[in-house]
Every structure is written in structure tokens, then in C-alpha cells.
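Colleague: Next up is a structure, given as C-alpha cells.
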Amino acid sequence: MKKIFKNFLSLGLASVMSQLVSFLCVSYYAKILGVEVFGEITLAQQIVLYFATFTLFGIQTYATRYLVKNKNKVNETVGKIVLFRLLVATLSFAIICFITLFMKRGSDFNKMLIIFGCTIFPIAVNIDWLFNAFEAMKHNSIFLIFKNVLPAVVIYVVIGLYKNYMVIPVATFIGGVLGFLYQVAIAKYKFNVKFKFKITFDEVKKLCIIGSPFLFSSMLSMVNNNADKIILGLCGNDHGLGIYQSAYVFISFIISIIGLLFTAVFPSMSLYYYNKDKEKLNVLCNEVAKIIAVISVPMFVGGALLSREIILLFYKNEYYDAYKPFIILMLYVSILFVRELYAYGLNAWGKEKKYMRIVLVSSIANLILNIILTPRYGYLCAAMITLVTEFINLFAMKAEASKVTHISMYKGLLKAVVPSIIMGYVILIFKYFSINVVVTILAAVAVYAVFIVLFKVITIQDIKKVLE
């Protein structure tokens, strides 16, 4: 657990800061450009996101797991995977260019879509999975600074001065390239990785077969997270999409932070499983479950009670209605936090096919419901569909993960309820006296921290164990 905590801290500070800067940048240009333009930018980003996922091809999960067990095969593995992804990226970019021939949104949108399409090439050559396998997460944190912070600064300046939103995809591309150059330098000079860019047709076929289950499940997950936005955008509801995305920006930020925890524990979850060390695996999973329980319950309570104030803190009044989907999505992300433990477990334990079947069911349900209901009922309906289908994932993945190890999640969640209710009362009192939302959040966190110790949700021994 000590090593995992070190990994989490290595990823933590720089990653949180880079994601926070990126989040603030998005909320800034959304405020400057207005709801309609923000909705249009979101549509282009969501379309390209599918092709970015296709470019990754799910290989990063396989590569991390493979190198954990075969660190003597780093050189050949890195070269093959980078070349493979570049081939997929080239195909993806060609399809994006082809799509623009049929988009009836004007030349500016098509230009933006093509430039965003260029960002899949830095994604293709991203080797963060290499550092995950080496459990050298600090280098991924620095990579995120190049990838997120530097582009955010450029976007902030240009949008503020000229309101030219084309800078967003351009800066994103440049940030990705700079991040990759940093990765290459570290891999070559610190880990002595020798890049051997050679791949045969048979190896391409092999990677296609290996990556297909991961890719399929990732694409299906994208349906759960992004189909609603694309449907809103393609229906011409840029205003509704802008409102919905302004709420979702917060959720994406939270999900990225959640991902840090699971990225840090993934190598150990895989290692303990393949070493057949069930005791260590069980201890690890239950320690993580306790952390999840302590965070997820108050996160929803606080987010729901302060939804209006949070939206207006970062956006103009034209985004006020975003508080409605924000409440629904806060419940969704709390459920997702719980579910991710089972999801990462299934992938770490080589059970990606079972994971894929579960996501297939929820994605089909999500897509059908969005196609039928979202064009008519809008973004609130889209948020509800996202929440409902996440429950499908939760219950099904828990059932599968329980066949490997017993994870006591619900007990921890229940123990966090009373401190969260007390925290909720504090928030309501502060709201009654119109106290600043930032001060309210800080006070709520402090009160909750005190009461989880008093109610022994987290003991002093637990804190010492983590610090050790």
C-alpha cells in the first residue's frame, strides 16, 4: 500500500494541477465565447474523441499488464505499439476528413473538426502506459503539464485578446507533441529504452486481436459518456449542448482525478492476481473501497446542495440552468467512482471480455434511450439516461468482481452517510447566511473530516497506515 500511495502522490499533485488548469481554461472560454459557440466546440471535440479512442485501440491496458510481467521486452514492445497506433491514427484522420464532406455546419466548423482531428497523432504516440508499467507515475504527471497546462495558457491569452476559438485545437495539438517529446527523452535517457520502430503484418493482426476487446469496451464506454452530447449537437441544439457540457466539465474533471487513484493501483492489482496472492489482493481492494466510500457520499451531498452556486462561480448567468443536469451528474459520478474499482479489477485480472459484455448491454440501452428520448426531451433526459445506465454497469461488474475477491463496499458507504448529513446541514446554514461558496466548501470539508474520525469511518490507525 505504501508503494501505491507513493505512486498516487507522484501522479497526484502535478496531475491535479494540470487537470485543474485545463478545467479552468474550459470554463473561461465557455464564459467568453457564449453557450452557442461552446456547444459547437463541444460537438467537434466529442466527434474526435471517438476517433482518439479508436486510435488508442485499448492497447495501453494490455501493454501495461504485459510489461509488468515482461520488463525485458520493453524496446520491441514500445516500437510495435507506437507504429501500430500511428497506422490507426492515419486511418482515423482520413475518416474525419471524409466526414466533413457531409457536415452542414459551415466551413469554420469543418476547419475546427479537421484541426481537432490532428490531435489524434500525439495521442497515438503517447507512451504513458510505459511509465505506468514501471510504476514511475511522476513522469506522466509532468507529461500532463506539457499536454494540458501549456495549451491552457495559450488558449487563455488568445481567447481573451481575440476570441478566436481556432486556437483551441491548435494549442491542444502542440501540447500533445511537446508532451511526447518529453516522454521520449525520459524513456531514452532515464530508462534506457531503445526505440525499435519495426512491425510486421502478422504483428499488426496480433495487436488487432489483442486490442479488440479493450477497444470494443472503450468504444462502448464512450457511448455511455458521449453519445448524448453528439445527439444533442447533431439535432442542432447547440444551446442545450453548451448548457449540458458546462455541467459535464465539472464531472470530467472529477473523473480525471478519480482515474489517478485507479491508475496507481492497477499494476499492483494485476501483479497480486497473477502471483495468486489473494490475501494482498483482498487487502488492497478493500483499502481502496474504504477511500471510495469516504469520498463518494459527501461529494454527491455537497455537489447537490451547492449546484447553483458552483455553476455561477465559474460561468455567467446564461449558464444558470446547468445546475439541473449538474445534480444528476454528481450522483452519476459518485456511482461511477464506486463502479470503477470493479471495472479496473476486471481489466487487471484479464477479464476484459466479461467487462466488455457488461458495457455492451449498458451502452446499447444508453444509445437506444438517447436516440428515442434526448432529441425530444433535451439535456435533462440525457443526464438521467447516463445515470440509469451507470447503475447497470455497477451491479453487473460487482457481481463479476466478487468471483475473484470479496470487496466490502456498502458498509463503508453507509458509515459515511451520517457525517455527510451533518456536513449537509453545515452547508445549508452557510447558504442561509449567504456565505461565499468557496468558504462554504472549505468549512464543509473540515466538518466532514472531523466527523468521519469521530464516527470511526476512518480511524487514526488507517491514517497512520497510509502515511507509513
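Glycine is treated like the rest: Cβ placed from N, Cα and C.
Under the heading transmembrane segment, TrEMBL lists 47-68, 80-103, 109-130, 142-159, 165-186, 247-267, 288-306, 326-343, 355-371, 416-433, 439-458.
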Colleague: With pairs 6 or more apart in sequence, are the transmembrane segment (288-306) and the transmembrane segment (80-103) linked by at least 3 Cβ pairs under 8 Å?
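Modeller: Contact between the transmembrane segment (80-103) and the transmembrane segment (288-306): absent, because fewer than 3 Cβ pairs are under 8 Å.
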Colleague: Do any residues of this chain, six or more beyond the ends of the transmembrane segment (416-433), have a C-beta under 8 angstroms from a C-beta of it, and if so which?
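Modeller: For the transmembrane segment (416-433), the sequence-distant neighbours (Cβ-Cβ under 8 Å, at least 6 residues beyond its ends) are 293-294, 296-298, 301-302, 305-306, 309, 439-440, 443-444, 447-448, 451-452, 454-455, 457.
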Colleague: Which residues of the same chain, at least 6 past either end of the transmembrane segment (439-458), have a Cβ under 8 Å from a Cβ in it?
Modeller: 290, 293-294, 298, 302, 306, 309, 412, 415-416, 418-420, 422-423, 426-427, 430-431
Colleague: Restricting to the same chain and to residues at least six past its boundaries, which positions have a Cβ under 8 Å from a Cβ of the transmembrane segment (326-343)?
Modeller: 247-248, 250-251, 254-255, 258-259, 262, 285, 288-289, 292-293, 295-297, 299-300, 303-304, 307, 310-311, 355, 380, 383-384, 386-387, 390-391, 393-394, 397-398, 400-401, 407, 409, 413
